[in-house]
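Comments concern the structure below.
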Amino acid sequence: MPIPFRHRLVSAALTALPAVLAGAGGAVAQDAAVPAGAPAEAAAAAATATAATTATATLPHDLTAWGMFMGASPVVQAVMVGLALASVATWTIAIAKAFELSSARRKARAALALLEESRSLAQAAERVGFSQGTAATLVRAAVAEAHLSADAPSREGLLERTASRLERIEAAAGRRIARGTGVLATIGSTGPFVGLFGTVWGIMTSFIGISRAQTTNLAVVAPGIAEALLATAIGLVAAIPAVVVYNACSRAIAGYRGQLGDASAAVLRLLSRDIDRRALPRSSSAAAE
């Protein structure tokens with residue numbers, strides 16, 4: 001009995017079905033294998049890049065003062081050099097002023113003792129002689145003014161003229177002994193702010209480096225911040241001694257000016273005695289007449 005055409009089509013389809021399924025399974029397996037391998041390769045590439053970045057970011061840093069200075073930006077280096085020079089200037093002025101004030105106060109003390117022991121201006125001038133020091137200059141100025149006023153009909157203005165000359169000498173000596181202290185005041189007041197400027201600039205540079213490295217690893221952040229903070233440390237090292245030395249110099253200068261004031265008063269007393277001694281004979285002769 002012949003097989004109908006429809007039955008033959010069904011039989012052919014059933015015969016070809018295993019082959020079709022086998023081919024589809026291979027294609028599915030091949031497609032599944034590609035996505036499984038791709039993430040592994042991407043992960044390996046990412047791990048390699050991360051390792052390279054970490055190796056670059058965690059290079060050893062020299063955290064000594066010199067190493068941090070050499071690793072800082074040019075602006076921060078300029079700030080550090082300026083503050084270091086300011087510190088050198090502070091100690092130079094401190095040493096120079098220590099010797100200058102010590103010598104000036106010693107001479108003023110010795111001259112004041114001679115003035116207190118003298119009975120006349122001429123005797124004081126003889127004892128002082130040609131010695132150096134502002135107190136000796138005060139004595140010589142009083143003697144010179146007395147000689148210039150020797151022919152004056154009245155001696156009432158002699159004390160005023162002498163006092164004016166002595167006052168100018170004291171003022172000049174005070175200005176001369178105070179030279180250099182203004183530099184100390186400037187360093188003491190501006191040093192911390194200059195160091196703070198260097199710190200702010202260094203921290204901004206560190207943040208820029210962090211953004212470029214795209215990492216917040218402490219090994220990357222710490223060296224830059226340490227270099228920035230070094231500027232503030234140098235600013236404090238320059239400013240604190242400057243303030244201390246300035247205050248010490250101010251006290252010493254005030255004491256020296258007090259000694260000059262005492263010497264000037266002693267000179268005026270001697271001159272007043274000389275004027276009274278010269279006036280006594282005239283008063284006695286006038287009374288006798």
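Cβ coordinates come from backbone N, Cα and C, glycine included.
Features of the protein shown, as given by TrEMBL:
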SIGNAL    1-29  signal peptide
TRANSMEM  75-99  transmembrane segment
DOMAIN    154-254  domain 'MotA/TolQ/ExbB proton channel'
TRANSMEM  183-208  transmembrane segment
TRANSMEM  228-249  transmembrane segment
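Away from its own ends, the transmembrane segment (183-208) comes close to residues 72-73, 75-76, 79-80, 82-83, 86, 89-90, 93-94, 221, 224-225, 227-229, 231-236, 238-240, 242-243, 245-246, 249 of its chain (Cβ-Cβ under 8 Å, at least six residues beyond either end). Across the domain 'MotA/TolQ/ExbB proton channel' (154-254), DSSP assigns 90 helix, 0 strand, 11 coil.
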